[in-house]
Amino acid sequence: MAVVIDTVGARPRHPEKQANPDTPVLRKPEWLRVRAPGSANYMATREVVKSNRLVTVCEEAGCPNIGECWDKSHATFMIMGEVCTRACAFCNVATGKPLALDPDEPARVGEATAKMGLKHVVVTSVDRDDLADGGAWHFVETIRAIRAASPATTIEILTPDFARKPVAALESVIDARPDVFNHNLETVPRLYLSIRPGARYYHSLRLLERVKERDPTQFTKSGIMVGLGESKEEVMQVMDDMRSAGVDFITIGQYLQPTRKHAPIDRFVHPDEFRALEEIARAKGFLMVSASPLTRSSHHAGEDFARLQAARLAKESAA
């Protein structure tokens, strides 16, 4: 049996995937190849992250855009540790039993945001099914700490689904008033059992709907991956579901297989197909659409937030 050699500390990153059959990691087409990171700005961002003892999803998820984003002094902070309680078939974040929450982490995220001079910050997390509120209050404290340390910074959060947690947990995060509330649907309903087995599609959809019900002024955002075996019709249905839930901003990107033990890539979606999906999504009424092979939830998040605000103003002016 092949062994996943990627580790967190002394243990395998994905112990639950050790028994999975090996599937070849396909060679990327030209449009998915990026330069290896290493610029001076990249190293400076890395130093701020490390000196503040923070975790980023850029590193943990193996994001292909890390070189570009860190060169621009952008980073997506991942709170509540580096070990997730879920075992999604697409994700490179480690799975296992997490450590206790670090009560000083919110303040360190705030300090790093101020130190990096971020105009827009993205905060995500691992799933913490072991916590009574799923980590909701830790999100609230992090939002407050960022506002205290860097009042002018706009805040985008990418949350877990808070499944089987009190509704009050989600409501506390909404009431902290992040500028953008993102929760990814990740894939089409038919593929949930194999790709996102610990989650439920309609629960995630309802979460996005609840955000709009509680605070209609809050921007909502969600994303999916393509290249997992979904059909165009299924993607279009997800778009319709998102619009029914009031989602303002959709992101669509290519799934990239982290290791031989993860879900295999069904196909590489050509950039022309992404452009077609973008046109379809815009026609369905999304305020913002980002659809490309390298699109990820937090890629160009600051620039996209400015466009999102402008799109809302234009829509309100035209009404």
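Cβ coordinates are placed from backbone N, Cα and C, and glycine is handled just like the others.
Here is what Swiss-Prot records for this protein:
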type	residues	note
REGION	1-24	region 'Disordered'
COMPBIAS	13-24	compositional bias 'Basic and acidic residues'
BINDING	Cys58, Cys63, Cys69, Ser298	[4Fe-4S] cluster 1 binding site
DOMAIN	70-287	domain 'Radical SAM core'
BINDING	Cys84, Cys88, Cys91	[4Fe-4S] cluster 2 binding site
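Taking Cβ-Cβ distances under 8 Å and a sequence gap of 6 or more within the same chain, the neighbours of Cys84 ([4Fe-4S] cluster 2 binding site) are Cys91, Val93, Ala94, Thr95, Gly96, Pro98, Val126, Asp127. Residues in the compositional bias 'Basic and acidic residues' (13-24) partition by DSSP class (helix H, G, I; strand E, B; coil) as 3 helix, 0 strand, 9 coil. Excluding Cys84, Cys88, Cys91, which define the [4Fe-4S] cluster 2 site, the same chain contributes Arg86, Ala87, Phe90, Asn92, Val93, Thr95, Val126, Asp127 within 8 Å (Cβ to the Cβ centroid), listed in sequence order. In this structure, the CA atom of Cys63 ([4Fe-4S] cluster 1 binding site) is 16 Å away from the CA atom of Cys88 ([4Fe-4S] cluster 2 binding site). Cys84 ([4Fe-4S] cluster 2 binding site) falls within a strand segment according to DSSP.
Of all Cβ atoms in the protein chains displayed, 20 besides its own lie within 10 Å of the Cβ of Cys88 ([4Fe-4S] cluster 2 binding site). Ser298 ([4Fe-4S] cluster 1 binding site) and Cys88 ([4Fe-4S] cluster 2 binding site) are 19 Å apart (CA-CA, integer value). Model confidence over the domain 'Radical SAM core' (70-287) stands at 96, taken as the mean pLDDT rounded to a whole number.
Cys63 ([4Fe-4S] cluster 1 binding site) counts 22 other C-beta atoms within 10 Å of its own C-beta, drawing on all protein chains shown.
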